[in-house]
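Enquirer: There's a structure below that I have some questions on.
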Amino acid sequence: MGSPKLQVLLLPHPLILLPTARLTLPISRSLADAILSLLDDSDAVVAAIPLPAPDSPSEVTYGTAARVARLVRPRNQSSPTQPYLLSLHGITRIRFPSPIQIDKLDNLPVHNVLYPSSEGTPSRDTVEAFKHAALALLDRLAKDSLQPQRKDDWLRIAAIVEDISEQRAAWMADVLVAAVSSQYPDKLAFLAATDVEDRLRRATELFVKQSSIQEVSKKIASAVDESFSRQQKEYFLRQQLAAIQRELQSLQSSPTSVGPGFGTGGATSELDDDDQADADDLADLRRKIEALDVGSEERKVGIREWRRLKRIPQGSVENGVIRSYLEWLTSVPWPSNSTTTPLDILKDHSFLTRARAQLDADHYGLDQIKRRLMEYLAVVRLRALADAAQTQTQGDNPSTDASPGAAPTPPTKSKGVKGPILLFVGPPGTGKTSLGQSIAKALGRPFQRISLGGVRDEAEIRGHRRTYVASSPGSIVQALRKAGRNDPVILLDEVDKVGHSNFHGDPAAALLEVLDPEQNHSFNDHYINVPIDLSQVLFICTSNTLDTISAPLLDRCEVVELSGYTYDEKMHIAKRFLLPKQICANGLSDSQLTLTDDALLHVATMYTREAGVRSLERAIGAVVRFKAVEWAEWLDKENGAMGEEWNAKQNENRSEKQDGNTNVNGSGKEWRAIVEAHELEKILGIPRWDGEERDREEKRGVVYGLVVTGMGEGGILPVESTALPGTGRLKLTGSLGDVIKESGEIALSWVKTHAFELGITAGRGVDPLKVPDVIDVHLHLPAGAQKKDGPSAGIAMICAFVSLLSGACVPKDIAMTGEITLRGRVTPVGGIRMKVLGAHRAQIRKVILPWANRKDVEHDVALEVRREMQFFFVRTIDEALDAAFGHGALGWRKETVLLESRL
C-alpha cells in the first residue's frame, strides 16, 4: 500500500502553521479556485509547508496537515487587487519522503506524505521542566498585559498547564508555541521535532528564551519611563525623605523604644546609612573643629564653613562640598592635634645607638648618609632636651614682676628642628627608596612615599581650587593626612622625572615652596587655603641624575650621591639581605640552601655587572627557584608512597639525615644544598659578561676610557682609532657631541705638535698624517646608538693617536679619564667615584686620573677598592703617556738646547 498523497500549499515567509493553531492568509484568485474545487470533491485537507527564507535552501522536508476552515471571497470580485482570505486549522505534523523543490505559490501540487508517530509518553522530568518554563512565561505575559481580558486569558491557560497530564503535554506545547510570538527559526525547529521528548525540550528552551526577552523589554521600558519623569519626581521624593527623617527623629527621642534589632532579626551592619551615623559624623566633625587652637587660622576657617554648612539644606550639592572640605581641614595634622616624638624616647641615652643600629641593620655601607642622619638626630635630641630644661626653669622660677590681676603668660611652644632636605642621587637599584623607609624606622616616625614620575600638573602638588568639580588637596596634604603627624618622613621619589612647564603649570616650580626651609613653614595648598607648617617634615628626594632638575630646585636640596656598590659590598648585601629574602620567598629554609662566596662573586661579576643590586637579586632568585624545584622533586620521590604523617616526621628530622649537605632519597638520587660556581652556567645560562672580557685585548690604536652613563652607572668604553688612505683629515664617529669632538681635535693637534719628540716623525714640523704617506685618522667610540659628550676623553684620545702612529700598545688592564689643554696640562673631571667603581667591576687594575682628582679618590672610593687597584695621578700629558705605555716605551727625544757662544 502506497503512502497517502496531499496537495501542497506553500505558506509565504515568515508564516508557519503549527498543529492545533489557526492561520488566516491572503491567497490569489487562481489558488482560491483550486481550493474551491478541492472543497467540492472531498474533505479539504492540504499540506501547509512554510516557505524558507530567501537566503536559505529552497528544499522543504516538514509541514503540517491542515483543514480548510474558511474561504472568504472579496466584496468586489471584479477587482484584481483584493485577494481571497483563507483560514487553515493545523491537524498534525507531516513529513515528505524526500525533500520537495519549491516552484510556485499559486498552485497545489500533489506529493506523497508521511505521518510521523506521535505516540509515546515523555519523561516526568521533561514534563516538569516544561511546566515550570511555561508557567514562568505565562506569569510574565499576564503581568505585562495592559488589557484585563488578555490577562485573564493567560491566567486561565496557566491553570490548564498546571493540571495537564503527561500524555497531553506535547499537545499543550503545540498550543503555547503557536500562541507565543517567537522567532521564525525557533518555530521552524519546533515544527521539525516529531519526537515527543524532543518537542518538549525545544518548547522549554523557547519559553525560557522568551521569558528573558520579555523581562529585558520590561526593564528597558521602565527605565525610559523613569528618565522622562525623574525630574518631576525629585521634588516629591525629597519631601517624602524629609518627612521620614522627622518621624525617625521623633521615634529616637521617644522614651519608649522597641528592643534591639527590631525588624532586622537583631542584626545590624556598619554599612547601614542611617541618620544616627550621619549625626555622629557631624558631632565628631564639630569636636575636631573645637579642638583646634583658639585664634588660629584653621579654626577661624573651620567655624566659618561650619556655619555655612548648617544654613545649607542637607540634600543640596553645596552641602556635600562644604562637608568634604571640613573633613579634609580637620584631618590635617595641625600643631594642636598632632603628636610628635615623645620626650622620654629622646632622653634615653641609647637613642642614638639604637638609631645607628637600625640603619646598619637595614643597609650595608652608605657611611656618608648615615653620618648625616646621625648629625640630624643628635641635633633633634639636644634641642628637645634644651627646650625641656628651659620649660622646667620657667615653671620653677615664675616672674615676680607680673601684676596680681594679670593673666599668666602661656609657655612658649618650641618650633623644633627644621628637617633637612636630602636629595639621594644614584643609579637604579642602589637603595635610595628603601633608605627612606629605614630612616623613618630609625626616627620612629611615619613614612609616606609620593611618586613624582610623570607628574605634569601643578595641582597634583598644590591641590585643586575648590571652584572646580571633584577638587581635592595635593599629594603633600594627602600624605600628611595618612601620616597623622606633622613631622613624618616624606619620600619624593623620581624628582628628576617630574614634568616640565606646560599649560597645566610647572610642577617643579610648585616644589620650590615645599622644599624651601625658609618658606615651607607656611605652605599654601589651593584646596585647604590655610597655611600648613611643613618645617618639621623630613623630606627625602630621590633621583637618577641631576641634569634634568632645575637649578633653583637643586639649590634647595642637600645632595648625597649613591654612586654604586663595590663587589665586596655586593657580597655583604647578598649574604645579609638578598639571599635570605629569596630563600624565605621561595619556601625554603636557611639550612636547605647555601651559596658559596665564589658562586656569589661569580654571579656579581659575570651575570649582573651593574651599579645597584636589582639584577643581582633577580639572579639569586633564579638560583633559589632552581634549587626549590630540585628540592620539591626530591621530596616527591622520597615520600611518594608514604603517608602525610610520615612525611611530616621526615621533614622534622631532615637536618639529622643530612650528611655534608647532601641527601639521598629512596631512588638513590642525590640532592645537594650547596651551590658552587661551576653549577651556575647550568642554572643561569652562559655568563653575560664573559664575552666582553675575552674581546678586550691589547691592540694598536685602542685604549679604554672611563665613562658615566645617563643613569649614573660607571663603566669602561674603548676608544678605537685606525689609519686609512686619505688627505690628512680627522674623522670622528659614534654619536659624539660638540665638546667631545673638540677634545678629539685638540688631542690630534697636540700629537702633531709633539710628533718629533714622540719619535713618530724624523724631523720637526713634519705632519705625521702626510709623511711618509698621506692618511686619514678615523676615531670611533662604539655603541653608536648612545649619545656621548663631555670633557673627559682627552687623555684616552691622545693615547689612542700615539698608539696608532707609533705602533706601541696600551695594556688592556689600564683605563683612563681626564681632559687636556693645548699646553699639555691635564685638567680634573667629575664622576670619579662612579668611574672607578665601573672600572673595578670591569676588572681594570690600573687607572690614570688627573692629579686634581686625587682628593676625590681618597674621600669617595672605598678602601678595599683602592687596595685592589693602582692609581696614577698625572699633571701633564707626558706623565699620562708614561703611565699608559710604560716608562721608556715611547723613546722620547729630549730637546737639544743650542747656546750661542760669544767671546
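Heads up, the Cβ atoms here are built off N, Cα and C, so glycines get one too.
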Enquirer: Could you tell me which of the ranges 252-275, 444-467 is annotated in TrEMBL as region 'Disordered'?
Expert: 252-275
Enquirer: Can you name the residues of this chain that are 6 or more positions from Gly429 (ATP binding site) yet have a C-beta less than 8 Å from its C-beta?
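Expert: Expected: Glu610, Ala611, Gly612, Val613, Arg614, Ser615.
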Enquirer: Would you list, in sequence order, the residues of this chain other than Gly426, Pro427, Pro428, Gly429, Thr430, Gly431, Lys432, Thr433 that have their CB within 8 A of the centroid of the site's CB atoms, where the site is the one recorded for ATP?
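Expert: Residues close to the ATP site, other than Gly426, Pro427, Pro428, Gly429, Thr430, Gly431, Lys432, Thr433: Phe424, Thr542, Asn544, Leu562, Ala611, Gly612.
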Enquirer: Could you give the mean pLDDT over the domain 'Lon proteolytic' (697-887), rounded to a whole number?
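Expert: When the pLDDT values over the domain 'Lon proteolytic' (697-887) are averaged, the result is 88.
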Enquirer: Which chain-mates of Thr430 (ATP binding site) that are at least 6 residues away have a CB under 8 A from its CB, listed by sequence?
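Expert: Counting only residues 6 or more apart in sequence, the Cβ neighbours of Thr430 (ATP binding site) under 8 Å are Leu562, Ser563, Gly564, Tyr565, Ala611, Gly612, Val613.
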Enquirer: Given the recorded positions Gly431, Thr433, Lys835, find the one whose Cα is closest in space to the Cα of Ser792 (active site).
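Expert: Result for Ser792 (active site): the nearest of the recorded positions is Lys835.
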Enquirer: List the Cα distance (Å, whole number) between Thr433 (ATP binding site) and Lys835 (active site).
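Expert: Checking the Cα atoms of Thr433 (ATP binding site) and Lys835 (active site) gives a distance of 23 Å.
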Enquirer: Out of these recorded positions, Lys432, Lys835, which one has the fewest other C-beta atoms within 10 Å of its own C-beta?
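Expert: Among the recorded positions Lys432, Lys835, the lowest count of other Cβ atoms within 10 Å belongs to Lys432.
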Enquirer: Quick one: of Gly426, Pro427, Pro428, Gly431, which of the binding-site residues has the smallest count of other CB atoms within 10 A?
Expert: Pro428
Enquirer: Which residue, of the recorded positions Thr433, Ser792, has its CB surrounded by the fewest other CB atoms within 10 A?
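Expert: Among the recorded positions Thr433, Ser792, the lowest count of other Cβ atoms within 10 Å belongs to Thr433.
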